[in-house]
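Peer 1: When I checked Swiss-Prot for this same protein, it listed these features:
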- Gly40, His41, Thr42, Gly43, Ser44, Gly45, Lys46, Ser47: ATP binding site (BINDING)
- 3-246: domain 'ABC transporter' (DOMAIN)
Amino acid sequence: MAITFKQVDFTYQPGTPFETKALTDINVTIPTGSYTALIGHTGSGKSTLLQHLNALLKPTSGTVTIGERVITPTTSNKDLKRLRQHVGIVFQFPESQLFEETVAKDIAFGPQNFGASEADALKTAAEMLALVGLDESLLTRSPFDLSGGQMRRVAIAGVLAMQPQVLVLDEPTAGLDPQGRLDMMEMFARLRHERDLTVVLVTHQMDDVANYADNVIVMDRGQIVKTGTPREIFKDPAWLTAHQLGLPKTTAFAHTLQKQGWQFNEWPLTEDELAAAIVQQLPPNAMGEVAAHDE
């Protein structure tokens, strides 16, 4: 499912002394099946744009087309329930939204709210729990007895239980340790392919953008200031610095190496790309000497 913004402006509390313009002339398409990263410094408009992705907010002017549905400033809220089933949002710290007595009931709540029978919803709950890598023995447990990482996966299972076509991830690894963050991001990558999802990732983690995204949207002061592939976005450190953004760690290290004489035809985004570029520049017998030294 594609999402297209056309000449979208959004203003909070229009016509009041507290009027604040948050989005200006947004024109962009998130393609079906893509993995799009949305980046920008705090206050750039990311969260406001995110809430337009399933019409939690409606544009003050312009249109947002979600699949075949066109959202305008006058679209009635009562017509949006089914649409929101198709665009699932995993908000920051989603485990804080858990509330039911058992894991099964919490995951099943969404499907039942959209008309599924209790039996079908509980069956879906078991399937979604397995999908996020948790054992079915947890179904009868209270979600509040689980570890923080397990609680987050249960909350994500609840979003997936709605069978969304678009999965929006708002800082999904916030508060996790490095291994937990890696496991979570690998899970989303797997789900994207297994469920044929369109994924939108809102993050401050440039490494995750480099490793997982196909497309990047950069926001600043309520406007889209650049779009492109991760390689296109991260090729200009000075531009990123001017917009209060950083580089992936691997790319930053490559820039340091360049100052010491190393050459790169294109900036590496991943550790594997960096390693390959370094090996190409080593003397012909260097790797053999390293192997002999290790022995």
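Cβ coordinates come from backbone N, Cα and C, glycine included.
The structure displayed is predicted, hence computed values, not measured ones.
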Peer 1: Measure the Cβ-based neighbour count of Gly43 (ATP binding site), defined as the other Cβ atoms within 10 Å of its Cβ.
Peer 2: 14
Peer 1: On the 0 to 100 scale, where does the mean pLDDT of the domain 'ABC transporter' (3-246) fall?
Peer 2: 94
Peer 1: For a quick check of packing: other C-beta atoms within 10 Å of the C-beta of Lys46 (ATP binding site), how many?
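Peer 2: Taking every protein chain into account, the count is 22.
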Peer 1: Sequence gap of 6 or more, Cβ distance under 8 Å: name the residues on the same chain that satisfy this around Ser47 (ATP binding site), in order along the sequence.
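Peer 2: Residues satisfying the criterion: Asp170, Val202.
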Peer 1: Fewest neighbouring Cβ atoms within 10 Å: which of the binding-site residues Thr42, Ser44?
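Peer 2: Across Thr42, Ser44, these binding-site residues, the one with fewest Cβ atoms within 10 Å is Thr42.
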Peer 1: Taking the centroid of the Cβ atoms of Gly40, His41, Thr42, Gly43, Ser44, Gly45, Lys46, Ser47 (ATP site), which other same-chain residues have Cβ within 8 Å of it?
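Peer 2: Here the nearby residues are Met219, Asp220.
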Peer 1: Of all the binding-site residues given, Gly40, Gly45, which has the fewest Cβ neighbours within 10 Å once its own Cβ is left out?
Peer 2: Gly45
Peer 1: Please report the number of other Cβ atoms within 10 Å of the Cβ of His41 (ATP binding site).
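Peer 2: So the Cβ neighbour count for His41 (ATP binding site) comes to 14.
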